Amino acid sequence: MSAQENSAPFLRIPPWLRTRIPCNRTYTATRELIGDLNLHTVCQSAKCPNMFECFSSRTATFLILGGTCTRNCAFCNIEPGDVLPPDAGEPQRVALAAARLELKHVVITSVTRDDLPDGGAAHFAATIQAVRSRLPRCTVEVLIPDFQGDAAALQTVLQARPDVLNHNVETPPAHYSRIRPQADYSQSLELLRRARAAGFTVKSGLMTGLGETDAEVLGVIDDLCATGCNIVTVGQYMRPSRRHPAVQRYVHPDMFEEYAAYGRARGIPHMFCAPLVRSSYNASMFVQEKN
């Protein structure tokens, strides 16, 4: 991240991004349960703006494979650093938390574990299986890393039969060297293409406000359409701290509606585009529509 990006002019947060914090007993109980079971959530680790709403409605996205990452994407609040071996008891604790929260749709994601031979794919599969064993009627969505393009690792996850396979491209390809220097845009598209070709419901997403143009956003939507992607999310990047890239622009809600209309016209059935949309925000909506 350049000094110029970090010192970009301050942009006042627009009114459509100001939300009421519905902190209540359910929020507190959800947070305490997650802590008691020694689990991580991406909601907390990434400082998601929807955390209070989601915890208050007994929903969470479970973050497996530890709380530190082997990569250092510029937008992300999850810390890079030394990582620990996978916790063999974690899949069962995720399943227990899902049962206690009475979840009907579970979202599982992870830090990126380039240190592991399979990138953590077997741990994903074990967690899916643990949730299914405890909650047979529960649908499961996984938000996976790119596994460094390892087709066998992807197949390990697919063999566990998640209901939704999510992998985010995050930003247009022209910005990867600055925003996702350890990732590869074409590799991410190939992962999505493979999952869709295998018959799975496939989802991806990106953020606005990191220096991209509207034309570039539409170009990403075109690329995702070409993979066969069923679901696309587009939301506004919010700077987690002063050490992260400054927000380059706040996209108006009307423009998000245009993104959604464009995607639907291109043939993507489910477009979720709004300033506060996040990859797993209201993730169960698609499953409800599908059923």
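Each residue, glycine too, has its Cβ placed from N, Cα and C.
Going by Swiss-Prot, these are the annotated features:
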- Cys43, Cys48, Cys54, Ser280: [4Fe-4S] cluster 1 binding site (BINDING)
- Cys69, Cys73, Cys76: [4Fe-4S] cluster 2 binding site (BINDING)
- 55-269: domain 'Radical SAM core' (DOMAIN)
In three-state DSSP terms, the structure that Cys69 ([4Fe-4S] cluster 2 binding site) belongs to = strand
Query = What same-chain residues, at least 6 away in sequence, bring their CB to under 8 Å of the CB of Cys69 ([4Fe-4S] cluster 2 binding site)?
reply = Cys76, Ile78, Glu79, Pro80, Gly81, Val83, Val111, Thr112
Inquiry  = Quick check: with Cys69, Cys73, Cys76 left out, which same-chain residues have Cβ atoms within 8 Å of the centroid of the [4Fe-4S] cluster 2 site Cβ atoms?
reply    = Arg71, Asn72, Phe75, Asn77, Ile78, Pro80, Val111, Thr112
Inquiry  = Just to verify a number: CA distance, Cys73 ([4Fe-4S] cluster 2 binding site) to Ser280 ([4Fe-4S] cluster 1 binding site), in angstrom, no decimals.
reply    = 19
